[in-house]
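Here is the structure we will look at.
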């Protein structure tokens, strides 16, 4: 596979480099501090609260006001017409899951500029879908790809290069080049996980070829670091900050954010005779942050079933798929 061309058209380069603020009187010393804090674009400054910016060492209230004013000149906070939003939505693209049936219920695949969450019990295909997307994201657009690189945050130690090789072979992609286009970080606690997400903002700003960010899984480390009801409030606050950052990244750099999530028993569902007695971890904070939510469960034999639980533009629907040596695929 050849190297990807730098994203230099309107579809991909939708952000302004933070160094453009020098034209509005912001010094390079302050810009370096912003980059170290993970704010690498003018849009990033615009999305950041004054409270967050004041936490950066050496930033006074007057300096933050000047910074916000400069960013506002470049990114005015105006209302847009529905027609303008419709035009902006044309920048959104989808990445194939490897299954046409699954792509169908998702409206084409995993969308950019939003968070897609898949949840389910073990052996349903969450990690296998993550590996499949690592390869399909690199495919040409006419094959359901996004022609770009992938960032993968592994919180459970389940990333396997051998799976990338097998999936690349299925799609006719050079395995070595496919692996070169994937960067992986292994997080061991929730603070490190947030650190990596912040660092990716800098990486995406410097290299406009990234199209997909995967976190597998989003809640695993939070469940370890925060245990018991006494720490639940703090956990949800930290989770909310992380998800807000992921949403900012997805819109700032027009990338697809794909997160896997674990499930927990739901005793209330059993009492109500509900068909599914499992619910995703993370509560309402997780539910509100994810634009698209997909439930994966075991079906008959080797089949798996995906149910679209929540989507802003697609109705609830189900489909079957299988896990093959070449990744997620349709039932034959």
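Placed from the backbone N, Cα and C atoms, the Cβ positions cover glycine too.
The ATP binding site annotation in Swiss-Prot covers 120, 121, 122, 123, 124, 125, 126, 127. Under the three-state DSSP scheme, residue 122 (ATP binding site) falls in the coil class. Within 10 Å of the C-beta of residue 122 (ATP binding site) we count 9 further C-beta atoms, all protein chains included.
Over all protein chains present, the Cβ of residue 235 (dsDNA binding site) has 20 other Cβ atoms lying within 10 Å. Secondary structure at residue 235 (dsDNA binding site), as computed by DSSP, is helix. Taken from Swiss-Prot, the feature dsDNA binding site covers 223, 229, 235, and the record attributes it to similarity to another entry.
For 223, 226, 229, 235, 304, the entry in Swiss-Prot reads ssDNA binding site, with the evidence type similarity to another entry. For the recorded site, residue 223 (dsDNA binding site), the DSSP three-state label reads helix.
A C-beta separation below 8 Å, combined with a sequence spacing of at least six in one chain, links residue 304 (ssDNA binding site) to 124, 125, 296, 297, 298, 320, 321, 322, 323.
Across the fold, the C-alpha of residue 121 (ATP binding site) and the C-alpha of residue 226 (ssDNA binding site) stand 21 Å from each other. Cα spacing between residue 235 (dsDNA binding site) and residue 122 (ATP binding site): 23 Å, rounded to the nearest whole number. Each of the binding-site residues 123, 126, 223, 229 was scored by the number of other CB atoms within 10 Å of its CB, and the largest score is that of 126. Rounded to a whole number, the distance between the Cα atoms of residue 223 (dsDNA binding site) and residue 126 (ATP binding site) is 18 Å. For the pair residue 127 (ATP binding site) and residue 229 (dsDNA binding site), the Cα-Cα distance reads 29 Å. Taking the C-alpha positions, the distance from residue 226 (ssDNA binding site) to residue 120 (ATP binding site) comes to 21 Å.
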